[in-house]
Amino acid sequence: MKCSTFSFWFVCKIIFFFFSFNIQTSIANPRENFLKCFSQYIPNNATNLKLVYTQNNPLYMSVLNSTIHNLRFTSDTTPKPLVIVTPSHVSHIQGTILCSKKVGLQIRTRSGGHDSEGMSYISQVPFVIVDLRNMRSIKIDVHSQTAWVEAGATLGEVYYWVNEKNENLSLAAGYCPTVCAGGHFGGGGYGPLMRNYGLAADNIIDAHLVNVHGKVLDRKSMGEDLFWALRGGGAESFGIIVAWKIRLVAVPKSTMFSVKKIMEIHELVKLVNKWQNIAYKYDKDLLLMTHFITRNITDNQGKNKTAIHTYFSSVFLGGVDSLVDLMNKSFPELGIKKTDCRQLSWIDTIIFYSGVVNYDTDNFNKEILLDRSAGQNGAFKIKLDYVKKPIPESVFVQILEKLYEEDIGAGMYALYPYGGIMDEISESAIPFPHRAGILYELWYICSWEKQEDNEKHLNWIRNIYNFMTPYVSKNPRLAYLNYRDLDIGINDPKNPNNYTQARIWGEKYFGKNFDRLVKVKTLVDPNNFFRNEQSIPPLPRHRH
């Protein structure tokens with residue numbers, strides 16, 4: 001009996017040790033366990049090598065860094081993924097989700113890598129990157145004026161191929177040609193046609209999403225609540241976007257100007273004050289923007305000095321004569337002449353405002369829109385405010401003077417007017433709520449080259465943001481998801497389901513729409529698998 005008891009005890013110990021070892025091995029080797037699981041979704045091992053990159057792969061760092069557009073996040077101390085998956089088929093996305101869940105890894109989804117806080121490729125816990133660079137199909141139907149665009153397609157590629165099909169069609173989307181459709185449409189997406197047709201997200205009519213269960217859903221199968229949430233609510237909180245179906249829009253030739261003003265600040269603020277009071281009131285066919293940056297100049301005495309260069313730039317869906325007449329009647333202080341204006345095709349307008357050509361060039365080669373490496377950035381930080389009433393001239397003097405506190409050319413402000421159709425769209429039409437009552441967006445941007453200068457420049461932009469508190473939107477102070485800013489709040493890392501904590505930043509991005517997003521999240525991802533520092537949390541189970 002004693003022998004039997006001992007034998008039973010010994011066998012139990014062996015079994016316990018065996019299972020403990022396997023559990024510990026599973027925990028200790030999440031990368032290997034993920035790869036073993038993922039191999040089931042890749043029947044050809046040769047193909048697998050082109051889809052999966054681990055830290056042992058000589059191409060790993062090249063793939064990781066290739067679409068990091070903010071060099072703040074390329075240091076040796078920046079957390080790196082255990083695995084990068086570059087799917088070429090939806091089944092690879094399904095496998096990544098299911099295997100990441102199985103072995104306890106988080107997912108970061110990267111389409112173009114333009115997340116200003118690096119959240120599409122950084123996590124503080126072990127993670128996998130799903131890099132959608134190979135999911136870039138664009139299928140255009142000119143007859144119905146729609147297009148299916150996969151998440152990894154760049155805006156430049158979409159503009160290019162739509163123009164190839166019909167030069168009188170385009171899309172209501174952004175300026176930067178290397179931004180990809182996945183994140184841009186999922187976060188809102190403003191651009192030169194915003195006052196005519198709304199945001200990129202306002203023009204989504206269907207979507208393909210892989211959900212937490214690995215199922216591929218379209219608008220019909222996902223339901224209207226989830227479809228609503230994806231369009232401007234940050235699709236990464238709900239699954240992985242495979243493709244958007246977007247509405248294409250009619251575009252005539254456009255007229256543009258970009259005039260530079262160099263003058264004393266007290267004179268300049270009078271122009272700015274005039275702009276504040278009229279830019280949002282213009283007919284929707286005119287977009288009049290302005291931005292400010294410091295440059296070195298030589299004065300009349302031949303001395304070098306630093307001056308603020310102010311640019312007033314337009315996009316007008318009409319002819320030169322009409323624009324000059326309108327500007328001379330409404331804003332004669334700018335002194336716009338015919339010689340300041342250029343009439344361009346819409347595709348050339350996009351090329352100009354993409355920043356890859358000079359204003360006076362006649363060489364608008366649209367092939368540049370296909371260059372996925374164009375316009376690589378240095379280190380930068382962006383913050384944004386929404387302005388609901390004109391800022392006093394005396395305050396704008398102080399705002400502009402603060403540009404001199406930053407390195408020459410490193411700091412910039414930009415003012416982007418609302419109005420037009422944005423006033424007509426309900427704040428609850430999609431999660432993006434910033435509509436009627438907004439005069440303009442005010443961007444604060446700083447950029448630099450050396451990692452060791454990070455704190456210096458971050459302090460400058462945070463100081464100007466704090467200074468602006470009394471003069472911008474409040475209760476809450478509004479923000480824009482596609483200019484993500486972790487300074488405004490993050491989820492509790494110890495309790496990522498904390499609704500109260502998430503509401504701090506959530507209402508700044510989404511206003512009253514935040515609670516509806518939480519309800520959708522609770523229904524479709526109740527265990528909060530798709531999460532990051534600013535992801536929508538589910539409600540606790542007892543509050544469902």
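Our numbering is plain: 1 for the first residue shown, then up by one each step along the chain.
Quick reminder: no glycine exception, Cβ is built from N, Cα and C everywhere.
According to its DSSP assignment, TYR483 (active site, proton acceptor) is helical. Neighbour count (other Cβ atoms within 10 Å of the Cβ, all protein chains): 20 for TYR483 (active site, proton acceptor). For TYR483, the entry in Swiss-Prot reads active site, proton acceptor, with the evidence type similarity to another entry.
Cβ-based neighbour count (10 Å, all protein chains) for GLY183 (FAD binding site) stands at 27. Among the features that Swiss-Prot reports, FAD binding site is placed at 109-115, SER120, CYS176, 180-184, TYR190, GLU236, ILE241, 480-482.
Taken from Swiss-Prot, the feature cannabigerolate binding site applies to HIS291, TYR416, GLU441, supported by similarity to another entry. In the three-state DSSP assignment, the secondary structure recorded for TYR416 (cannabigerolate binding site) is strand. The Cβ of TYR416 (cannabigerolate binding site) lies under 8 Å from the Cβ of TYR190, MET289, TYR440, GLU441, TRP443, each of these being in the same chain and 6 or more residues away along the sequence.
Look at Swiss-Prot and you will find CYS37-CYS99 tagged as disulfide bond, backed by similarity to another entry. Neighbours of CYS99 (disulfide bond), defined as other CB atoms within 10 A of its CB across all chains, total 23.
Among the features that Swiss-Prot reports, domain 'FAD-binding PCMH-type' is placed at 77-251, with the record citing sequence analysis.
Taken from Swiss-Prot, the feature N-linked glycosylation site covers ASN45 (among others).
Secondary structure at ASN65 (N-linked glycosylation site), as computed by DSSP, is helix. Here ASN65 (N-linked glycosylation site) comes close to THR74: these same-chain residues lie at least six apart in sequence, with C-beta atoms under 8 angstroms from its C-beta. Here Swiss-Prot flags ASN65 (among others) as N-linked glycosylation site, drawing on sequence analysis.
In the three-state DSSP classification, ASN168 (N-linked glycosylation site) falls within coil. Under the heading N-linked glycosylation site, Swiss-Prot lists ASN168 (among others), citing sequence analysis as support.
Annotation note: ASN296 (N-linked glycosylation site) sits in a strand segment as assigned by DSSP. If you draw a 10 Å sphere around the CB of ASN296 (N-linked glycosylation site), it holds 10 other CB atoms from the protein chains shown. Residues annotated as N-linked glycosylation site in Swiss-Prot, with sequence analysis given as evidence: ASN296 (among others).
In the three-state DSSP classification, ASN304 (N-linked glycosylation site) falls within a strand. Taken from Swiss-Prot, the feature N-linked glycosylation site applies to ASN304 (among others), supported by sequence analysis.
What Swiss-Prot lists as N-linked glycosylation site is ASN328 (among others). Within its own chain, ASN328 (N-linked glycosylation site) has ILE336 as residues 6 or more apart in sequence whose C-beta sits under 8 angstroms from its own.
Look at Swiss-Prot and you will find ASN498 (among others) tagged as N-linked glycosylation site. Counting every protein chain shown, the Cβ of ASN498 (N-linked glycosylation site) has 15 other Cβ atoms within 10 Å.
According to Swiss-Prot, the feature signal peptide maps to 1-28.
Averaged across the domain 'FAD-binding PCMH-type' (77-251), pLDDT for the predicted model comes to 98.
In this structure, the recorded positions under consideration are THR109, ASN168, ASN304, and the one with the smallest number of other Cβ atoms within 10 Å of its Cβ is ASN304. Nearest in space to GLU236 (FAD binding site), taking C-alpha to C-alpha distance over the recorded positions CYS37, ASN168, TYR483, is TYR483. Within the same chain, the residues at least 6 positions away from CYS37 (disulfide bond) whose Cβ sits under 8 Å from its Cβ are GLY95, LEU98, CYS99, LYS102, VAL103, listed in sequence order. Among the binding-site residues listed here, namely THR109, ASP115, LEU481, ASP115 has its C-alpha nearest to that of ASN304 (N-linked glycosylation site). Between the C-alpha atoms of GLY112 (FAD binding site) and TYR483 (active site, proton acceptor), the distance comes to 14 Å. Taken residue by residue with DSSP, GLY183 (FAD binding site) is part of a helix.
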